[in-house]
Amino acid sequence: MSNSRQHQGHFARKRFGQNFLVDHGVIDSIVATIGPARGQRMVEIGPGLGALTGPLIERLATPESPLHAVELDRDLIGRLQQRFGALLELHAGDALAFDFRSLAAPGDKPSLRIVGNLPYNISSPLLFHLMTFADAVIDQHFMLQNEVVERMVAEPGTKAFSRLSVMLQYRYVMEKMLDVPPESFQPPPKVDSAIVRMIPYEPHELPDVDPVLLGEIVTAAFSQRRKMLRNTLGDYRETIDFDALGFDLARRAEDVSVAEYVGVAQALAALRKAG
């Protein structure tokens with residue numbers, strides 16, 4: 001496989017994190033994993049040169065119910081419009097600032113399916129941005145750096161367990177679906193990739209916790225991950241009775257379950273409300 005940054009006459013741009021999927025066997029496996037069906041509301045993030053876009057359109061799009069796509073590279077937008085016409089509705093702009101809720105069906109029922117080969121240089125901030133629309137989403141299937149996927153699905157007590165693990169596991173059921181080697185791309189990235197499936201918890205399954213407060217606690221806990229929690233959460237010891245919660249501060253951040261972090265955030269919320 002050539003290391004050239006040019007594919008189909010387009011030069012992959014490093015600032016956009018572009019690596020184009022070219023392995024048709026991998027593409028078929030990804031599409032089968034997604035399982036698109038006619039008439040579904042689906043949005044693709046970063047369609048690139050359309051490697052996934054084409055097979056997705058074949059299976060679900062009609063002129064009345066097109067596939068939606070968010071693309072930042074204006075050179076690619078013109079090519080995609082010319083190739084797919086009315087079967088693809090393109091939204092020019094940065095996915096980090098895009099209002100995905102604007103594409104959801106009216107009402108409270110989740111209706112969106114989101115897919116994409118996400119730019120690896122913005123994957124974590126984009127995943128956090130997408131959390132704000134989780135109540136409108138049926139599922140998400142993303143190609144990501146394998147290391148990121150391993151952190152997303154990591155268990156407590158492992159080195160991969162991180163702030164990203166806690167915040168995403170609080171909101172989604174997640175599963176690593178496929179490994180994708182570098183040679184599946186043009187140009188090949190310097191890392192292995194993987195497909196992850198993310199299914200938001202339904203409202204009745206979600207713990208009653210302010211995600212902002214949860215994020216505050218988790219960020220503090222993982223700020224110095226080699227230190228004990230009695231140090232990283234030291235600022236909260238005068239406010240929260242950790243002993244009453246049964247929360248052992250003689251641990252490191254990666255040894256604490258998602259449910260325990262939620263419990264601390266709930267306690268903090270109650271104290272701030274009372275005070």
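Residue numbers in this text run from 1 along the chain shown.
Including glycine, each Cβ sits where the backbone N, Cα and C put it.
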From Glu71, Glu147, Glu150, the one annotated by Swiss-Prot with Asn19, Leu21, Gly46, Asp94, Asn117 for S-adenosyl-L-methionine: Glu71
Sparsest-packed of the listed binding-site residues (Glu71, Asp94) - C-beta count within 10 angstroms: Asp94
Maximum Cα-Cα separation (Å), residues Asn19, Leu21, Gly46, Glu71, Asp94, Asn117 listed as binding S-adenosyl-L-methionine: 20
Residues satisfying Cβ distance under 8 Å from Leu21 (S-adenosyl-L-methionine binding site), sequence separation of at least 6: Ile27, Gly48, Ala51, Leu52, Asn117, Met143, Ser184, Phe185
